[in-house]
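The structure appears below as structure tokens.
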Ligand SMILES: Nc1nc2c(ncn2[C@@H]2O[C@H](COP(=O)(O)OP(=O)(O)OP(=O)(O)O)[C@@H](O)[C@H]2O)c(=O)[nH]1
Ligand SMILES: O=C([O-])CC(=O)C(=O)O
Ligand SMILES: [Mn+2]
């Protein structure tokens, strides 16, 4: 196919350019791209500009450079070929939600769950911090595609960054190829993203300072301009803050594009499930950060006859296809997964994926030059260098790997990757799952009565805070659609958008379920073994889609009837099943009060259909 014949996505860049912005003109062609790169280079004053082409040769050159600069440690190639360890600054280990801004023209469009700043004020602030911010450094230009290059659900972007670690990571996490430039030259739209670690090596008086292993800045900005589809990130080198294709573009900016164009950009894994009868199904599931997406995406079923293959572990873009069904792509090309808790008994597929060609961040270093983290083996090694670079022994009394330590690895390297994982036009979705980390109340699995009830379940996801973002771990927080930190517009409008998408899908809409692997008994231990055993829940879900499994109607949804969930060979605590599915009237009524309080934060923007769902839930509980 020639470039001229490739189907282009129909995204327009912002209609109302804000004056004095460096990157808000409608961009068409390589000349515009080059002009924009020049403009940012004039602002940030790097020593040189390098176009990164994503090739193995260039990746190799940059990792060698990073090793020479002391920014990456090469792992022992005998255990972990072509793999590296990065240690961040201890203050730069997770997404910074309080420094993440949605700068829509209208504050109401950002909504009460986003930090809003007036766009021109923010632009002025950004110009100040970015001025000269790349002095003494190299500016990398990284053109990338989210999704198969030129695909009907795919989008293009360009990231400018002064971090080689970020450029290489982006090369793993997205498709960085010359084809992207060819599409841009042919006029395809692209999203402009600028990143600086905020650690210039030369000051205003021409004084040079030495670089550090993890340059960053105490002042951080993660800024999205939804109308002009732009991203500016300053002061952090950590994944979710710095690999702008991921959360900033594929969720915050893409969710706005999706709202405007009638599709969905969601914080979801995608899997292909094959039943013992050989029938294939595709499921998409939204769980908040560090609540089990990567684990479910790589599930090895404990029950015979079933297989689960990976399509994506974090982000899904979904669009109604020509056949009327909802089709999904994984816009990413790699995994940026949580290391702790990843071991042979929990996620053997991930362990096998990480055999080489991996960048680890903030895990511990073994004396033999390999890596370790809590959960990789039952017994920790006798001695390690911890994520801060300090000596560690099992009685040090602190974790050796940071709880949010991560691996960056190519999706193609996953042994369980599905053959259709990079299908040009995506895969048809049969079921959507919503889940959170709830010690109480929420049952192991339930089915929504219909799409509208499903949207209510998505809108009311709540979860105990994890280490994936700065904040108090364990506190309960509302995380609608697992998108609280990632929705680029008013969350209540997002619910309305989901309802509208459901209307369009009609009878072709996927079935919707809610799951919770994390319910605890009175003694504080998990009631459900989780991980591989979650296949039993997947089986019930597939049987429900096929109309083969029974369910009982309860006020909160349809629960499996006794014996429909295969528990054969499971060693559950006495009463565990009862406790996993108990619907306690009083605590659910209290939950309703919390939901109403939460809805009230959005005032009149909450879709009446969701208020009606809440009223109906209360009515049936009483
Ligand atoms: N008890 C229990 N823990 C689980 C289960 N699945 C995942 N976990 C744990 O949850 C943590 C995070 O899991 P991930 O699969 O990495 O979470 P994620 O949703 O992909 O996280 P992000 O990459 O931050 O979006 C790990 O410590 C896992 O061991 C489960 O079924 N049961
Ligand atoms: O974005 C990140 O830093 C990692 C991630 O997947 C999440 O937090 O959901
Ligand atoms: Mn995530």
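Just so you know, glycine gets a Cβ as well, placed from its N, Cα and C.
Annotated features, as they stand in TrEMBL:
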type     : residues                                                   : note
REGION   : 1-26                                                       : region 'Disordered'
DOMAIN   : 36-259                                                     : domain 'Phosphoenolpyruvate carboxykinase GTP-utilising N-terminal'
BINDING  : 95, 238, 239, 240, 289, 404, 405, 406                      : substrate binding site
DOMAIN   : 263-618                                                    : domain 'Phosphoenolpyruvate carboxykinase C-terminal P-loop'
BINDING  : 290, 291, 292, 293, 294, 295, 406, 437, 531, 532, 533, 534 : GTP binding site
ACT_SITE : 291                                                        : active site
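Figure note: comparing Cβ neighbours within 10 Å for the recorded positions 290, 291, the maximum is reached by 291. Cα of the residue listed as 'active site' to Cα of residue 531 (GTP binding site): a span of 11 Å. Residue 290 (GTP binding site) and residue 239 (substrate binding site) are 14 Å apart (CA-CA, integer value).
Put simply, residue 290 (GTP binding site) is 12 Å from residue 95 (substrate binding site) when counted between their Cα atoms.
Cα separation, residue 404 (substrate binding site) to residue 290 (GTP binding site), rounded: 8 Å. Here the binding-site residues are 238, 531; the one with the fewest Cβ atoms within 10 Å of its Cβ is 531. Residue 238 (substrate binding site) sits 20 Å from residue 292 (GTP binding site), taking the CA atoms of both as reference points. Per-residue pLDDT, averaged over the domain 'Phosphoenolpyruvate carboxykinase GTP-utilising N-terminal' (36-259), rounds to 98. Here the CA atom of residue 405 (substrate binding site) lies 25 Å from the CA atom of residue 533 (GTP binding site).
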